[in-house]
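Going by Swiss-Prot, these are the annotated features:
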DOMAIN    13-73  domain 'F-box'
REPEAT    67-93  repeat 'LRR 1'
REPEAT    98-122  repeat 'LRR 2'
REPEAT    138-170  repeat 'LRR 3'
REPEAT    171-196  repeat 'LRR 4'
REPEAT    215-243  repeat 'LRR 5'
REPEAT    263-288  repeat 'LRR 6'
Amino acid sequence: MKRCLRNGNGVNEDRISDLPEALLLQILSMLPVKDVVTTSVLSKPWRSLWKLVPTLKFDYENNQSEDETYSEIVCRLLLSNKAPFLESLHLGFRFGECRSVEVGMWIGIAYARHVRDLVLHVESVKGSFIFPTGLYNCETLESLTLRSWVLVDVPSPACLKSLRTLRLENVDYKYDDSVYNLLSGCPNLENLVVYRGNLLEVETFTIAVPSLQRLTIYDDNDGEYCTGYVINAPSLKYLKIDGFKALESCLIENAPELVEATIMNVSKIINEKLLETLTSVKRLSLALSPLELKFSCNNYSGHLLL
């Protein structure tokens with residue numbers, strides 16, 4: 001039965017409310033949380049529909065209110081959600097706006113709701129937000145993004161058995177062991193994206209993940225500090241390296257299944273061992289201007305499609 005909505009010019013049919021609930025929830029999942037909640041005033045069928053949306057995205061800009069703080073908004077809406085499971089939780093806030101214990105509680109609730117995708121984005125000019133160490137343990141999490149001023153402190157091996165995708169974007173690391181403990185606790189990790197700037201608490205970034213298939217490293221270090229990478233990924237098929245000043249400190253120890261490699265925005269390649277490890281690659285893309293090789297590459301051209 002089609003419902004009708006009256007306005008000053010006549011009668012309009014309410015076709016949207018006749019759509020299947022699953023489709024309506026999919027549409028609502030694409031909207032900011034603030035807009036999703038406002039749909040509750042449309043009509044009676046919409047009154048509680050927003051509580052069933054399985055994705056919650058809280059950005060600072062879209063969740064400001066004169067009556068409630070960011071923390072109060074997140075807590076209220078997270079506890080009001082009645083979806084069978086939580087597909088995605090995105091928390092974006094400014095440093096000092098939320099306490100670590102609050103964020104830990106929200107993520108703990110999401111873990112209890114079997115969340116699959118978690119994004120934590122912290123904006124700061126003062127310091128780094130400490131991601132609660134106890135939250136590196138979740139059976140259902142499939143995708144994790146830690147972005148900007150987040151301190152990664154993993155004193156013991158993590159337990160993220162279902163994690164398939166991990167993005168570490170300009171975060172801090174307390175110790176070298178934090179990287180090892182995090183990655184070693186992801187036995188099914190397939191896609192790893194690492195963005196690094198001048199925050200160089202880790203001198204050698206070791207990536208030893210047997211299940212890894214895709215790896216992207218973007219290093220925006222201006223060259224003042226020396227950073228190193230060691231890659232041990234026997235299942236790796238796709239590799240992208242972007243932004244290095246000089247590829248002298250990237251060692252690929254084990255990547256026999258590598259099919260495609262892309263090297264971009266690199267000033268020069270001065271480490272012959274790097275190309276020696278790429279002999280199994282079917283396609284090598286070099287986006288270097290100007291291209292400067294400190295050695296002959298004649299020994300490798302027969303294996304590569306340039």
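Heads up, the Cβ atoms here are built off N, Cα and C, so glycines get one too.
Across the repeat 'LRR 3' (138-170), mean pLDDT in this model comes to 93. Residues 70-71, 74-75, 78-79, 81, 83, 85-92, 128-132, 134-135, 138, 140-150 of the same chain sit 6 or more residues outside the repeat 'LRR 2' (98-122) yet have a Cβ under 8 Å from a Cβ within it. If you look at the repeat 'LRR 4' (171-196), the same-chain residues 6 or more away from its ends with a CB under 8 A from one of its CBs are 128, 136, 146-165, 202-221, 227. Note: the repeat 'LRR 3' (138-170) comprises 0 helix, 15 strand, 18 coil (DSSP; helix = H, G, I, strand = E, B). Using DSSP to sort the residues of the repeat 'LRR 4' (171-196) gives these counts of helix, strand and coil: 9 helix, 8 strand, 9 coil.
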